[in-house]
Every structure is written in C-alpha cells, then in structure tokens.
Amino acid sequence: MFYGTVVWDPWLIVAQIGCIQCLYYLMLGIFLEILVGSCVSRMSLVYFFDYATVTASTVTGWCVIASFLLSSLAGAGILLYLIERAKKCLDFSATLYIIHLFICIVYGGWPSSLTWWIVNVTGLAVMALLGEYLCIKRELREIPITRYRSSV
C-alpha cells in the first residue's frame, strides 16, 4: 500500500471497525470454545459479555481470561492486515474495546469486577502495542528494487 496522501474515507473506517470487531469476536469464540468448552456443558454469550465470568477464582474463569488475552494477540495480527499503519493501531484497538464495553453494559450492566477491567485494559495494551510493533516492522522493510540491464 502506498502511504502518501491520506484521503478521508469514513466508509472505509466504519468498514474496518466492523471487520475488526467481527474478527475479534470470531477469534474470541474459537478460543472460548477450545478453552472454556472443555470445562462447561453448554457455551453461551455469557462468556463473551458478562463480567462475572471473568474471574480468577475458578478454572473456568482462568480459561475465560486466557481466551480474552489470546484474542488480543490475534487482534494484533488482524490490525497488521486490516489497518496496516502503526499510528492507527491504538485508535482501532481502543475503539474495539470501547464497543465491547458498551455491549457488556447492555448485556449485563456496568462491569464492577476489578478482574474484568484488568483483563480488558491488558488486552487493549497488548493488542495496540503488538499491533504497532508488527506494523512498524512491516513499514520499515526494505523495498526490493530490481534492476534490469538493457541488452543494447
């Protein structure tokens, strides 16, 4: 991608936010199914959006915590391929977690668990910082220039 002049395209931004949100929840669902699905008899949206399930007092709670943190690692990779710019990673990561907070408030009320806040702030930091690192690493790659010799 050429990083010259930046064009303001709100539809692109909304589409990127939607894609990141959907892919984040897809990855979270996969990790929850793998880690929590083995501990509980039935999966539900409670594990996605209810702050009471994010607890350090049960094995299932630890599996939920691990799922959220693994999803933030996967989210960094999502940022690398969808956003491609290091300076935008914090904005899109924060947007994802703010939208997640609003969904959690609608689903189960204001998150009053300190563990929920620690896990989500840590997830935000991991996703933003690792996403920035990966994007910077990609932006600083050398551009291959091939030289062709004329046969004249």
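Backbone N, Cα and C atoms are what each Cβ position is placed from, and that goes for glycine too.
No curator has checked TrEMBL annotations; they are predicted automatically.
Pulled from TrEMBL:
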TRANSMEM  23-47  transmembrane segment
TRANSMEM  59-83  transmembrane segment
TRANSMEM  90-110  transmembrane segment
TRANSMEM  116-136  transmembrane segment
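Sequence-distant neighbours of the transmembrane segment (116-136) (same chain, 6+ residues past either end, Cβ-Cβ under 8 Å): 51, 54, 65, 68-69, 71-73, 75-77, 79-80, 83-86, 89-90, 92-94, 96-97, 100-101, 104. Same-chain residues lying 6 or more positions outside the transmembrane segment (23-47) and placing a CB less than 8 Å from one of its CB atoms are 53, 59-60, 63-64, 66-68, 70-71, 74-75, 78, 82, 96, 107-108.
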